[in-house]
């Protein structure tokens, strides 16, 4: 019990959570009952040795399956976070989904901030595998949201159709989406929407709850790439993130639909700056300005984001730790995309290719979603600059191929950026 209340208090500057003694007694009774249920289930599992519970991962191709061993599983299986989240809950999405046709997935999620410490013996090697060798035990994350440092941020708009930068943020003291209760999810919505109401100028806007939105309006926002898709992704469904859908989910956007915040999808929040065309520097400037203001407004209300110097910003999927940043463009590459050197060029530039509609889609009319592969080991400014330089290189290659000229595979980028 002390651990649970400690987590809640850690996320608040104020102790107003326990203002009403009567409701406090009811809350205490409810939490005790919930913990008793979890404890009973957990004790039942201990009747079997860990070897009897070890998942069959022989046909799997994800980071978790590569890193998990019977010894690690035996050591961690019976551990729980203060919120009652287990190793098996962390890895279930990777057990249920052996691999992905387009990208290599992580194969596990965190249920709360403490998951990354309690189950560090599996999370650390997974993080190292996913993030190009970043070691969370010996390295520190560096944050830099100074958009003035960006250079050459205007793309050739004959090729680049749109530009986008996004990140995620989690509210400290509340469980992450795989483990959150309805009450916690609604609290996330309340905290974030209340804070967003304080945005001014070109950032001011309105919140649209999915609960009150028609199917037609939802689909239109999805088709226009403003709103997250319906919960059909295996990551969401197998990890328990689609529970109670669409309760306490929604989208906030400014009047121009160039600054958006998703609430309670894969993460507590996703903060997005986007616009048509190729002005990535302007997109990133708005992103930095808006994100800083959102954090200020969150703190003003007694909350804070999950962060530590080793992991950076803490999010549900280990792939989004560190900056949580994905800077991407929709770019037309009809010739380069058919060149056998294309995958190696992307690899050396530390870029990732997705289909036109995202990770689970194919390219339409040779339009690809190109973004940074890394999230850790480099700052936000460094990652956006990598995308700018890399996409400009891809466009130059496309132009050369149009003229019948040869192209070269660039040398690989250094493993990490600023120390």
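We count from 1, first residue shown onward.
Including glycine, each Cβ sits where the backbone N, Cα and C put it.
What you are looking at is a predicted structure, and each value in this text was computed from that prediction instead of being measured.
Straight from Swiss-Prot, the features:
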{"type": "TRANSIT", "residues": "1-39", "note": "transit peptide"}
{"type": "DOMAIN", "residues": "46-132", "note": "domain 'Phosphagen kinase N-terminal'"}
{"type": "DOMAIN", "residues": "159-401", "note": "domain 'Phosphagen kinase C-terminal'"}
{"type": "BINDING", "residues": "162-166, 225, 270, 326, 354-359, 369", "note": "ATP binding site"}
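What Swiss-Prot annotates, mapped onto the structure for a quick look.
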| residue | record | Cβ within 10 Å |
| --- | --- | --- |
| 162 | ATP binding site | 19 |
| 164 | ATP binding site | 21 |
| 166 | ATP binding site | 20 |
| 270 | ATP binding site | 22 |
| 354 | ATP binding site | 20 |
| 369 | ATP binding site | 22 |
Helix-strand-coil residue split for the domain 'Phosphagen kinase N-terminal' (46-132), DSSP-based: 41 helix, 2 strand, 44 coil
Local backbone state of residue 369 (ATP binding site), from DSSP in three classes: strand
Secondary structure at residue 162 (ATP binding site), reduced by DSSP to three states: strand
